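J.: OK, Swiss-Prot features for this one:
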ACT_SITE  HIS181  active site, proton donor/acceptor
BINDING   ASP23, GLU25, HIS181, ASP186  Mg(2+) 2 binding site
BINDING   ASP23  Mg(2+) 1 binding site
SITE      PHE29  site 'Important for substrate binding and specificity'
SITE      PHE77  site 'Important for substrate binding and specificity'
SITE      PHE124  site 'Important for substrate binding and specificity'
SITE      PHE146  site 'Important for substrate binding and specificity'
Amino acid sequence: MSDICDANKLKHRFRGYFPVVIDVETAGFNSQTDALLEIAVTLLKMDDEGLLGIDKTLHFHIEPFEGANLEPEALAFNGIDPTNPLRGAVSEKDAFLEIFKAVKKAQKASDCHRSIIVAHNAAFDHGFVSKAIERCDLKRSPFHPFATFDTATLAGLAIGHTVLAKACIMAGIPFDNKEAHSALYDTERTAELFCYIVNRWKTLGGWPLLATSESEDMDSEE
């Protein structure tokens, strides 16, 4: 029983990694040259039954870094006007200092030793986040430098679809395409999808794994 209770702690679910769901909106596809315009970060928590859920979300509009490229097609797609003063945009550095503070606090509270980015098509978001952190010369990032959890891959395995909107609907998660391509909306839907997949795997008996010692005991009894 104690082993099962221990497995229900977040620190043991992903080998000490604290999952942080992230979505970014950008002014193009090139993380080195194109502006990061919006970021949302959803922190997760695990209940006493070992079920994963949303804790809270941070959201920032970002000022384009100096010399950043702004692709017109990307701006038309996400509907962001970087010059609009009503965005209340902050610098990359200010945003990431707040993100680091919140992530490290939640990571510590969960007894995890590092955080790992969860995102839909995670290589894209991870690339922009990593490049922004590098530009800001921020040290001691809580995020793993290359490992991620990609919900496109996980959804393809667990649900049979890789498109965020369709995967959410198939999982019973409401999705409004009119709200899509907002970092705030997309990260919370991605978080719900990730939690659904992790919790579904648990309810189907995939977690916790049978302890090695228990397996050996069963073999000896046979």
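Including glycine, each Cβ sits where the backbone N, Cα and C put it.
Surface or core, plus neighbours and distances: that's what I need for these features.
T.: The Cβ of HIS181 (active site, proton donor/acceptor) has 15 other Cβ atoms within 10 Å, all protein chains considered.
Just so you know, the Cβ of GLU25 (Mg(2+) 2 binding site) picks up 24 other Cβ atoms within 10 Å once every protein chain is counted.
Within the same chain, residues at least six positions away from ASP23 (Mg(2+) 2 binding site) with a Cβ under 8 Å of its Cβ are ILE39, ALA40, ALA119, HIS120, ASP125, ALA183, LEU184, ASP186, THR187, THR190.
The Cβ of PHE29 (site 'Important for substrate binding and specificity') lies under 8 Å from the Cβ of GLU71, ALA74, PHE124, each on the same chain and at least six residues away in sequence. Reduced to three states, the DSSP call for PHE29 (site 'Important for substrate binding and specificity') is coil.
In the structure as shown, the Cβ atom of PHE77 (site 'Important for substrate binding and specificity') sits within 10 Å of 11 other Cβ atoms.
All protein chains shown were included, and the count of other CB atoms within 10 Å of the CB of PHE124 (site 'Important for substrate binding and specificity') stands at 17.
The number of other Cβ atoms within 10 Å of the Cβ belonging to PHE146 (site 'Important for substrate binding and specificity'), over all protein chains shown, comes to 9.
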J.: Work out how many Å separate GLU25 (Mg(2+) 2 binding site) and HIS181 (active site, proton donor/acceptor) at their Cα atoms, rounded off.
T.: 7
J.: List the Cα distance (Å, whole number) between HIS181 (active site, proton donor/acceptor) and PHE146 (site 'Important for substrate binding and specificity').
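T.: Spelling it out, the Cα of HIS181 (active site, proton donor/acceptor) and the Cα of PHE146 (site 'Important for substrate binding and specificity') are 24 Å apart.
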J.: What whole-number Å value do you get for the CA-CA distance of PHE146 (site 'Important for substrate binding and specificity') and PHE77 (site 'Important for substrate binding and specificity')?
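T.: It is 28 Å, counting Cα to Cα.
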J.: From the centroid of the CB atoms of ASP23, GLU25, HIS181, ASP186, the recorded Mg(2+) 2 site, which same-chain residues not already listed sit within 8 A by their CB, in sequence order?
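T.: Near the Mg(2+) 2 site, the remaining chain residues are VAL24, GLU38, ALA40, ASN78, ALA180, SER182, ALA183, LEU184, TYR185, THR187.
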